[in-house]
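**Q** Have a look at this one.
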Amino acid sequence: MHFHFCSKHSIKSAEKSDILKQQLIIIISNRKEVRQLSQHKNIRTASEEIQWTSRTYGAVIVLIAGLCLLCLGAFLSISLGAADIHLRTVWEAIFHYQPTKTSHQIIHDLRLPRTAAAALVGALLAVSGAIMQGMTRNPLAEPSIMGVTSGSAFAVSIAFAFFPGLSAMGLVLWSFAGAGLGASTVMGIGMFSRGGLTPVKLALAGTAVTYFFTGISTAIAIRFDVAQDISFWYAGGVAGVKWSGVQLLLIAGAVGLTLAFFIARSVTVLSLGDDLAKGLGQYTSAVKLVGMLIVVILTGAAVSIAGTIAFIGLIIPHITRFLVGVDYRWIIPCSAVLGAVLLVFADIAARLVNAPFETPVGALTSLIGVPFFFYLARRERRGL
């Protein structure tokens, strides 16, 4: 492999170039061969010719299997509840809807939007986590851990207290603002910390900001008597979601996921390190800005509809990288599908684990996510 680096320094620059080339070979290749690059006049032209070797067939299998599981989960989610409905009735209600039948009304007005919301929220949170982990090179990054979710819930609590008649779209906009506030606060604390931004330090900053926003939200809830409304957001769940909420999720998802696919290749390079990304001619600041905008859009929409559902954005990206490799052109769609599958089945379990009462779905995702977080934190203990 030949790279032409324009170096103004002699020994140090050459050593640094060798290290960067080794990182590129080891990480991008994912233990597969990287195709030979012909000689180029500059590094930017060379970077355009890099053939990203990825587990393409594995990614396609993951997508197909994930979509099949999602369809199965959707039918189960629609059929199971306070009153079980036969799968044939579910099929008829979806494809031959008759508004005069009570069972069809229950499916169309209650269970279908709930299932659609669960799938969309899971997908949005999973992609948010994948983007955050790629941008920060932090395996612990996730909307609920990095203060994004709590910032969004904090803004929602303000909206409930001071603007009780706010529309659904207005609530989403407040949620967006809170998500941006939470993310910028955590990043600001991390940047000024001693020793720089290590994964565990960033996670600790996110935890501190989360508790701060949660404390203020609780005080607002008590002072303005909106605790009952806010408790839904902190419990997390998709029960009672209407078609209007699904439409908002679809709009936010279309915008956020389109932007995510647009910067997927850049996030792949950025996940290998800022120095390498800059050496390949990438505008890292612009990529991070767009990436943070994506996280704010996706997380803000998810929290405004379903509340603070934690750890989906932590678990799913790690599973996806294990299955499909490091190419974010595959990580993003596979994370979306697997995130949707996880939350749909978690919502089913939330209805069954303590029937006839419902368990908050956020409690079930936390039950899975907390041990996984401790495992990752233990693995990253050297970053303290």
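Glycine residues also receive a Cβ, built from the backbone N, Cα and C atoms like all the rest.
Straight from Swiss-Prot, here's the annotation block:
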- 58-78: transmembrane segment (TRANSMEM)
- 115-135: transmembrane segment (TRANSMEM)
- 154-174: transmembrane segment (TRANSMEM)
- 176-196: transmembrane segment (TRANSMEM)
- 202-222: transmembrane segment (TRANSMEM)
- 243-263: transmembrane segment (TRANSMEM)
- 296-316: transmembrane segment (TRANSMEM)
- 330-350: transmembrane segment (TRANSMEM)
- 357-377: transmembrane segment (TRANSMEM)
**Q** Taking contact to mean 3 or more CB pairs closer than 8 A (sequence separation of 6 or more), are the transmembrane segment (296-316) and the transmembrane segment (176-196) in contact?
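**A** Yes, the transmembrane segment (296-316) and the transmembrane segment (176-196) are in contact.
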**Q** Using a Cβ-Cβ cut-off of under 8 Å, list the residues of the same chain that are 6+ residues beyond the ends of the transmembrane segment (330-350) and lie near it.
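**A** Same-chain contacts beyond the flanks: 54-56, 59, 62-63, 66-67, 69-70, 73-74, 76-77, 80, 114-115, 118-127, 129-131, 134, 237-238, 257, 260-261, 264, 309, 312-313, 315-317, 319-321, 323-324, 358-361, 363-365.
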**Q** Do the transmembrane segment (202-222) and the transmembrane segment (243-263) share at least 3 Cβ pairs under 8 Å, sequence separation 6 or more?
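**A** No, the transmembrane segment (202-222) does not contact the transmembrane segment (243-263).
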**Q** Using a Cβ distance cut-off of under 8 Å, indicate which of 154-174, 176-196, 357-377 has the most pairs with the transmembrane segment (243-263).
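**A** Most contacts with the transmembrane segment (243-263): 154-174.
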**Q** Which sequence-distant residues neighbour the transmembrane segment (154-174)? Criterion: at least 6 residues beyond either end, Cβ under 8 Å.
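**A** Contacts with the transmembrane segment (154-174): 181-182, 213-214, 216-217, 220-221, 223-224, 226, 229-230, 233, 244-245, 248, 252, 300-301, 303-305.
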**Q** Any residues 6+ beyond the ends of the transmembrane segment (176-196) with a Cβ under 8 Å from its own?
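**A** The answer is 143, 146-156, 158, 202, 205-206, 208-210, 213, 292, 295-297, 299-301, 303-304.
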